[in-house]
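Read the structure below first, then the notes.
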Amino acid sequence: MKILLIGHGMVGHKFLEELAQLRQPGTEVTVLCEEPRAAYDRVHLSEFFAGKSADDLSLVAPGFFEDSGFTLRLNTRAVAIDRRARTVTTAGGEVLPYDKLVIATGSVPFVPPVQGNDRADCFVYRTIEDLEAMTAAGARSRSGVVVGGGLLGLECAKALRDLGLETHVVEFAPRLMAVQVDDDGGRILRGKIEELGVRVHTGRNTLEITDGARARHRMVFADGSHLEADMIVFSAGIRPQDILARQNALAVGARGGIAVDDQCRSSDPDIYAIGECAAWRDQLFGLVAPGYDMARVAARHITGQTEVAFGGADMSTKLKLMGVDVASIGDAQGRTPDSRSFRYMDECKRIYKKIVVSADGKQLLGAVLVGNADEYGTLLQMALNRIALPADPEFLILPASDGKAKPGLGVDALPDSAQICSCNNVSKGELCAAVAGGATTLGALKACTKAGATCGGCVPLVTQVMKAEMARLGMAVNNHLCEHFPYSRQELFHLIKVGGIKSFGELIARHGKGLGCDICKPTAASIFASCWNEFVLKQELASLQDSNDYFLGNIQKDGTYSVVPRMPGGEVTPDGLIAVGQVAKKYGLYTKVTGGARVDMFGARLEQLPAIWEELIAAGFESGHAYGKSLRTVKSCVGSTWCRYGVGDSVGLAVELENRYKGLRAPHKIKFGVSGCTRECAEAQGKDVGVIATEKGWNLYVCGNGGMKPRHAELLASDLDKETLVRLIDRFLMFYVRTADRLQRTSTWRDNLEGGLDYLKNVVVQDSLGLAAELEAQMAHVVATYQCEWKTAVTSPEVRKRFRTFVNDGRPDARIVFVEERGQIRPARAEERPAAMADSTTEMAV
Amino acid sequence: MTTAPSQHWTAVCSLTDILPGTGVCALVADRHIAIFRLAGDELYAIDNIDPRSGASVLSRGLVGNLGDQLVVASPLYKNHFDLRTGACLETPEHSVRSYPVRLSGDSVMVASG
Ligand SMILES: Cc1cc2nc3c(=O)[nH]c(=O)nc-3n(C[C@H](O)[C@H](O)[C@H](O)COP(=O)(O)OP(=O)(O)OC[C@H]3O[C@@H](n4cnc5c(N)ncnc54)[C@H](O)[C@@H]3O)c2cc1C
């Protein structure tokens, strides 16, 4: 069977993914893609302005087309369908046959038919090319206007403002987001948006666009007023791209769009239409989730599953526009006859909440939330599942007072069929099944069901379902550190900090039981270090340290240790290199340049460590903390100092950051990267903290990881000056240090963070928990009390004495033997050991 | 001497040579013996060689308790050894020997036989 797909947008690609999963033998699939690149995430298009590249936005998994055998033809536009011959003609004149045709051509932006709308520097907001053109125009403009105050218009206004332009929004209706919110909600939203420096003009009907006097364009309005700006972006709604249907006598909906039935078939049963170009029962869906549903239905139906059906979609939405939460559920305007509403409005904090309930007060019909949308998940489930409202529904939206908890939804009330994640169509029943199958952390649940993995809006609800199901199955929802402490690491941190506890003896006497173990002792030691930062080998602390920390080196398989001097930013002088070489040679150590851009030396015996370090310290080196759960390295590229493309001094910054955070103990190791431009040679986006230079400062990325489970870091804030950058890193690191579980890297910590990236941004950037000052102060303390642990160790006879192989004999451990490989030593393998031991004994005897 | 041959006591160090809550390794008649000092003056001794790696490292592990058992965790692979018997909790075939150990005055004595 030959399947031909026209349009490789978000929905088109979802269709291909579904098809690939169904693995129907004998299908031959060809995709015509008008754009110069394969499908990308249009929903997150605006992040292009925040530094995401077209590659970052791509929806196509590496190897997808190779593995599926599907053919993708870029820059190929379909211009005609011959339904009788069952062929499609491309703009290049090629004629392609099909057995089943799927149209997923999306929408086209609506440009109001006013004189002058085709002038230069007038744009629409839909594709990467549009954004590239806007960026170019932005560079030569001082001001910009967005025509349209809906969802997209406001997102676009943010983009213009971020380009540094004086920004205006012109809206025809009397309020912003006229479809989703009511008058009061619109007013609060407007206040919020204006607070952010965007000028809003509502009730304006544009008549024509002409030459401006002080800017390139002048928009003339029906009321006689006018507005001048250098660039204009039209974002006044979308129209389904249904031209192929109209030309070929396929039925179209009342408001346009290719008319489809419940199986997504058009009036020609061999032609399907899905996504924004399709009209189902005369309804158009301008959101991605219903399109994904259609893609699932069409793929299944084409491959022979006849019982599938598209059943419409809920158009509730929750968004963050310029940092302002806006959500709209169901009958937001209260149009249902006899419906009643409850409203809460706070003009100081600019928060507006409204719920619409049925005449009998028993059911939730709709809601509007502006300024704070915390209740979205709960309210949406109540509306969708027709859950009976509590007696006083107003408490659902009133701020909690006197510590009284809000009436929760009680996830138990939800039926198994309740859709919890609408982006990926995951039901409560599927989540429960995954929990029963062993997915008992948020990260695991996300990985196996995809729930919460797209927009993240349902994550709090997913967590509630997970916890409730675990409790129901009798699984201990137990995050106790170990048998000695009935607390999580985060709780222990709090107890230590608030209680001013500085020793393990006191900690276990007050909050635990028994003697402790290899889990709680190093955890306590790490927390003590983060809080008080005393010398880790101090008598009371020494016995808590893991062997690596106890001997300030990484233990190797044969019981020898590695020696890793710090080389901040990977920078090292020729004299430094020579000193390292001399030490390695003198003590017969194996040397290797590591991925962290420094030199590791291996094969040092316990009793050699102090002498080796004494020499390194004399040559100006410090401990590299390669042994600690602490900051390891800050990798950098050479940056603007040498590189002809560099825009920022990445080495300078890397050295500064490494020196600031060296020695900081954390739940796990921490790696940084600093790149001098967006070419990203330091691979900063694969690090816990990544910094990339921009024309205007530094972009800060967090929670990336290479290693076992690679994870791209996410943008936390952009275009920062150095002072702000450092402040945000201080807060981020300390927040991680306080709240992560033991041995949890920032990437897993982030995956398990209930509020996701938005929550992290709120805490770190907006200081929503009011913690920032405390976090900064704590970091300042750690920075101020830094000491090179090796320097303190070698100068203390008491500590130095511990570095001996035998307590009663000065000889080295004769069992440690090396053989030569590629001109250096390596530990002898078990079978090589007897011979090697004999050799080394004779050597010693000589 | 009337003591059993296995009860040959050797003085290896003074108590203050072992930090409370840690261990040291002693070389006694070519054997590597790990000696641990728990809080107070409780002493335990087992083989220092970790059977899984063949490295002489057990004295460098963290000590504590798991339930009723006093244990040390190998610094290499974190498997636990009972300080009283030398039994390996995770893989019994990796168990090691334990040795009698006592304090005589300030002197730590271990019996290797
Ligand atoms: C800035 C922005 C923000 C958005 N935010 C959200 C959001 O937060 N939440 C949400 O749910 N939705 C959002 N949307 C909407 C969402 O992107 C769309 O619902 C989704 O992309 C629809 O997918 P589609 O495949 O139907 O159309 P598209 O993704 O537009 O794909 C259609 C593709 O078909 C191609 N095409 C058209 N005609 C032809 C032809 N004749 N031959 C070959 N190819 C052709 C087009 O070039 C295009 O590549 C947003 C959209 C934008 C622009």
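Using the three backbone atoms N, Cα and C, a Cβ is placed for every residue, glycine included.
Annotations in TrEMBL come from automatic prediction, not curation.
Annotated features in TrEMBL:
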- A:1-295: domain 'FAD/NAD(P)-binding' (DOMAIN)
- A:316-379: domain 'NADH-rubredoxin oxidoreductase C-terminal' (DOMAIN)
- A:420-467: domain 'BFD-like [2Fe-2S]-binding' (DOMAIN)
- A:556-618: domain 'Nitrite/Sulfite reductase ferredoxin-like' (DOMAIN)
- A:628-752: domain 'Nitrite/sulphite reductase 4Fe-4S' (DOMAIN)
- A:Cys637, A:Cys643, A:Cys677, A:Cys681: [4Fe-4S] cluster binding site (BINDING)
- A:Cys681: siroheme binding site (BINDING)
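All features noted in TrEMBL, drawn onto the structure.
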{"residue": "A:Cys637", "record": "[4Fe-4S] cluster binding site", "Cβ within 10 Å": "26"}
{"residue": "A:Cys643", "record": "[4Fe-4S] cluster binding site", "Cβ within 10 Å": "16"}
{"residue": "A:Cys677", "record": "[4Fe-4S] cluster binding site", "Cβ within 10 Å": "19"}
{"residue": "A:Cys681", "record": "[4Fe-4S] cluster binding site", "Cβ within 10 Å": "18"}
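Same-chain residues with CB within 8 A of the center of the A:Cys637, A:Cys643, A:Cys677, A:Cys681 CB atoms, the [4Fe-4S] cluster site residues themselves not counted, are A:Val638, A:Gly639, A:Tyr645, A:Gly646, A:Ser650, A:Ser675, A:Gly676, A:Arg679, A:Glu680, A:Ala682. Those binding-site residues from the list A:Cys637, A:Cys643, A:Cys677, A:Cys681 that have a Cβ under 8 Å from chain B Cβ atoms: none. Across the domain 'Nitrite/Sulfite reductase ferredoxin-like' (A:556-618), DSSP helix (H, G, I), strand (E, B) and coil residues number 30 helix, 14 strand, 19 coil. According to DSSP, the secondary structure content of the domain 'NADH-rubredoxin oxidoreductase C-terminal' (A:316-379) in residues is 4 helix, 33 strand, 27 coil. Simply put, out of A:1-295, A:316-379, A:420-467, A:1-295 has the most Cβ pairs sitting under 8 Å from the domain 'Nitrite/sulphite reductase 4Fe-4S' (A:628-752). Secondary structure of the domain 'Nitrite/sulphite reductase 4Fe-4S' (A:628-752) per DSSP, as helix, strand and coil residue counts: 42 helix, 35 strand, 48 coil. Within the domain 'BFD-like [2Fe-2S]-binding' (A:420-467), the DSSP-based counts of helix, strand and coil residues read 26 helix, 4 strand, 18 coil.
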